[in-house]
Structures are given as C-alpha cells and as structure tokens.
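Sequence annotations record features per position, and here TrEMBL assigns transmembrane segment to B:12-32, B:67-88, B:103-123, B:144-168, B:196-217, B:238-260, B:266-295.
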Amino acid sequence: MLNFINRQNRYVLMTIGAIALLVLPLILQQGGNAWVRIADAALLYVLLALGLNIVVGYAGLLDLGYVAFYAIGAYMFGLLASPHLTDTFPAIAAAFPNGLHLPLWIVIPSAAALAGIFGILLGAPTLKLRGDYLAIVTLGFGEIIRVFLNNLDHPVNITNGPKGLNQIDSIHFWGLNLGKPLTLFGFDIASVSLYYYLFLGLVLVSIVISHRLQLSRIGRAWMAIREDEIAAKAMGINTRNLKLLAFGMGATFGGVSGSMFAAFQGFVSPESFSLMESVMIVAMVVLGGIGHLPGVILGAVLLSALPEVLRYVAGPLQQMTDGRLDSAILRQLLIALAMITVMLMRPRGLWPTPEHGKSLQNNTAK
Amino acid sequence: METLLQQIINGLILGSMYALVALGYTMVYGIINLINFAHGDVLMVGALTSWAIIVRMQESMPGTPGWLILLIALLISCVVAAVLNFVIEKVAYRPLRNSPKLAPLITAIGMSILLQTLAMIIFKPNYKPYPMLLPSKPFQVGGAVITTTQIMILGLTAVSLAVLMYLVNYTKLGRAMRATAENPRVAALMGVKPDMVISATFVIGAILATIAGVMYASNYGTVQHTMGFLPGLKAFTAAVFGGIGNLAGAVVGGILLGLIESIGSGYIGTLTGGVLGSHYSDIFAFIVLIIMLTLRPSGLLGERVADRA
C-alpha cells in the first residue's frame, strides 16, 4: 500500500508520526483527562489486539475467549498489589502489615506467567480441534473464568465476587509514581498522560516482537499451520508445540495488558471481562486486517476510540429522540453497523495483508 | 429421589428449548458452515414480539380466551422472526458467501449486537412480565411437580420436531436441503437452487427459535432484550455437543445439555459440601463440552471432522 513512498520519505513520515504520538497526550490533556483516557484505552486495546493477532492471525486458531487471559492478568496484578489478600488471609496480613504491595518486577511477570500457563492449559486439550469447534471451546473457557471470578468470594474470599478488587496500586518504578502527575520543567504532565507513554512503549515493544516473530522460523511455521495443517505436519513442523506456543504467547500478551489495565484503573471487577469484550477484540483483529500488523492496529484504534469520540457528539441526537438513544446505545449501534458494513465492503479487512489474502481466496474458491 | 425427578423434569424442559434453538444453528452450519451468532437474538425478537402482541390483544379484546391469544401471538411472531431472519441472511451473510471465513462470523456478531440494541431502543431495557395465558395447574408426578404449561412445552417441542423431521426427510425441500448441505455445487447441477434452500433454512430456523422463545418466556415469566444471548450460546454448545450439522445430534445434544445443567446445578451444592453453589450452573455446559470434544472431537453423533478453519 505504501509502495509509492520511497525510503527517504518514509523516514520523514515516521519521524512526524513519532513526534505526533509523543505530543498527542500533552495536547489532549489540555481538553481534560477524559480525552487522554480514551487514548490510553485505545492503546490497551491495541496491545490486546496484537496479542490475539499472534493466535488468530498467525497461527489461525480462532480464540473467542481471549479476554480470559486479560482477566487473569488483571486479577493477578490486583491480588498481589492491593490490600485484598491481607483482608482474607491473616497469615499474609501478619507477614505484610501494610498490605500486600509487591514490587512491579514480581507482579507483572507473575501476571504474564500465570496467563501464559492458562493459555497453554487451554491449548493442550483443544489441539485436535479446529475452526468453529475451537472457537466454541475457547468461548466456553472465557465464560468459565468469568463465572469463577464472579463467585470465588465464597467460601474463601479470593476474588471478592461481583464487587471486584479495589485500591490497586498504581505503577511506580525508580521513584516515579504514574498515579501522580509529574512536573517537568514547570510543565505538568497528568497521570493519565504518563500511563499513555507507558502503554505506547509497550505497544512499540509488542509491535517489534510481533514483527520479528512473523519473520522468524516460528512465525513461518505458524503461518504454514494456518494455511494447511496437514501439509505443515508432513513438512516436519511440530504442530503441537507450535500451537501451544501460539496460545501461550498470545495469553502472555493478554496477561501483561490485563495487569496494565488493573494498575491504570485501580479497580477490577468481572464486568470488564465479559464475552462481549472477547468478541470485540476478535472484531478489531478481523476488521483491521487479520495477520497484518498495521491493519490490526488500525482496527483496534477505530473500534475502541471512535465510539468514545462519538459519545461526545451524541448529545444532540439524544435530545432529538427524547433520550431514547443515549450515548451508550448509540455507541453500540454504531459498532454493530461498522462491523457489518466494513465486512460487507471489505471482507478481508480494512488494511489486509496481500499474501494472506491470496492463499485464503484460493482456499475458499474451491 | 423427588429432587432428582424434579431436576429431570426441569432438565427436559430446558433441554427441549435448547434442542429447538440448536436445530437452527446446526441447519445453518450444515449448509453454509457459519456460526450464526444472531440466532439467539432471533429467539429474543420472537419472544418480545409475541409479548407485545399479547399485551395489545389483552387490552383491546378483553374477552378473548388465553389459548387463542397465545396462538395468534405465536403465529404472528413466527412470521416476523422468519422475515427478519430471511432479510438478515440476504443482507449480511449472502454477499459474503465466498469471502474469508471470518468475515461472515463478524457480520453475524455485528447482527447480534444490532438486534439487541434495536430491541432495547424499541422495547426499553427493563424486564417485562410475560402474561400467563393458560391455566397453569400443577400435577404431582411421583413427588415432583409438573405444570400444564410445562406439559404443553414438551408437547409443542415434540410436534415441532416431528414436523421438522418429516420436512427434512420426506419432502422435496428437505431433499434439496440435504443435497445442498452435502455439496452446493453438485446440488445446483441437479436442479436445486442453493440460494432458495439457504433462505428456507433460515426461515425454518427462525420459526423454531420463536417457538423456543415463547416457551422460554412462558416458563420463566419475563422477557428482555438480552434474553436470547445465553440460551443461544448454550444451544450452539448443544449443537456442537451432538455433532454439528446433524439434526438428531442437535436434539440429543440439547436435551442432554438441559439434563446435565439442571441435575448438575441441583446437586453441586450437596456434592461439594456447599463450596460450589448453583450459580455455577452456567459453566456445566462448557465444561461438559470441553471434556466431550477432547474425547470425541466431532461430537456425539457427528461423523465428519470439521476440517475448515
């Protein structure tokens, strides 16, 4: 798509883009934190979509329960970095009289690892399944996790049930607390903007990892499995291990995003991890252009940020319809219509990858 | 023993509802390999339409007997749901028949959200009581209780299933459906019009879903715009459980799932000493499904292994 741009122009464009991304929150925060918050949420969704893209886009494993890993990461962070566990277990309260506030370099890796382990646990029994069977099992897995989060407040209060966990620590490292605004050279940077930079950094790291994966032997093997599993197996690819790796890796991304979400919100509850969220993340990946990094990012930004922006212009419409069409409903309506129309106009996504499309078209036109 | 019998009765009623909805999923899947995510919401549209008609009729014609109102409401809402499903297929799925497989899945999900949102705008988001139109007399069966409404539900399911089986196995349309499910191209060469068959499948599916929706509403006594989502999901699970694409499998899967769910939620409390309560009932379906598919990836009665990703 960008072939007409030569190398030099491309560097100029990238520099402009980078500066724009860096300055964006500082401009947005002038209009209130809500706008920066939208940008933060969009970046979190980009992170999630990139993780799911490894599973669905590269390895071709349709996962409709991806939000489970997001939830596991968020709850792990919430449990290890909030006073909740000390309330439930006297032993922990005795060991940590000020509440359990473990340092980040323990909390985030354990959130990522736990999500990864669950990813592999989910993958293991489903290796034989393909396509829609896999979709429905992963969907079930997501629901199982959510039901447990909702009910594990009894007999031992672990997840605090539907009330959720609160008082979760914000992210702080090297004396820098992202929960508080930072004053640099007399210029205030709001807490949400600090999170923006953190998430932006994570997104960039994820893009690099995803890109390198795609070019690596592992990525090639995943795509071979996606295109034709039997042929891939015949060529000596260890499909079992590679599928597990894809599940595990995607889940790890989900776990890290989850812990970021928990720290950013300071609060987690099962409500944030409904099936609709999973579906939304799949929609982002597919809408943008499955398996294609720029497309996935585009899809995530569009589906997460656009409706939030529309929320602010929904006022007049709400008045016109006597409040029947409030902003939340309008948002849902627009998302649904966007999903349908985009797929009808561009079934391979807004910004599809050329290679992927070719092989898929051959497959379906048999 | 009485609780077991009671749970079996409850399970059969729940299961017959799942079975009717599962048939819609399995027929569509058998022919065009699509998980029609909006199918559960067609159930919701059917139930809400029948509710609206019943309420109108009770206001405007106070003397009409209950069974007549219910029958008229059922017929009209079947037509509404059938037309709706026909249109959905034409608008959202047909143009994508030769596209990558995930595209129609996304439009189906979009359709599901769209239907729920529109229903919320039209009918308001609150729960609405569903009028009891038939005298619901309880009967004692070996210590367990079964009401006339519940007997009617079981009867209606049996009749619907019989009609469907006759339609699929002994009519021209049924043969065309089976041929299209086997191979659309060859069927077309033999004079079958696949597009027409697919439309007919969606219409039949919508009618079955509406019957299930009215049953569900009569049994539980409320209707709301999100009521179709979870039953739809469970019914799809039932279809996969029985072997997707297989009609008998959908019925067996639906009824088994209903039984497992109600017996499981009835006994989980005593079995685990009160650690896990009946609020875990929603996950039985999925746990059973995972175990089942691990042992037999093509479902109970399924023959072919799904090979399309």
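Using the three backbone atoms N, Cα and C, a Cβ is placed for every residue, glycine included.
Not measured: the values here are computed from a predicted model.
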Top partner of the transmembrane segment (B:12-32) among B:67-88, B:144-168, B:266-295 - counted as Cβ pairs under 8 Å: B:144-168
Is the transmembrane segment (B:238-260) packed against any residues at least 6 beyond its ends, judged by a Cβ distance under 8 Å, and which are they? 8, 11-23, 25-27, 29-30, 161, 164-165, 168, 181, 284-285, 288-289, 292-293, 298-304, 306
What stretch of B:67-88, B:103-123, B:144-168, B:266-295 shows the most Cβ pairs under 8 Å to the transmembrane segment (B:196-217)? B:67-88
Could you give the residue numbers and ranges of same-chain residues that sit at least 6 residues beyond the transmembrane segment (B:144-168) on either side and whose C-beta is under 8 angstroms from one of its C-beta atoms? 2, 5-6, 8-9, 12-13, 16-17, 19-20, 23, 132, 134-138, 174, 177-178, 204, 208, 211, 215, 218-219, 247, 251
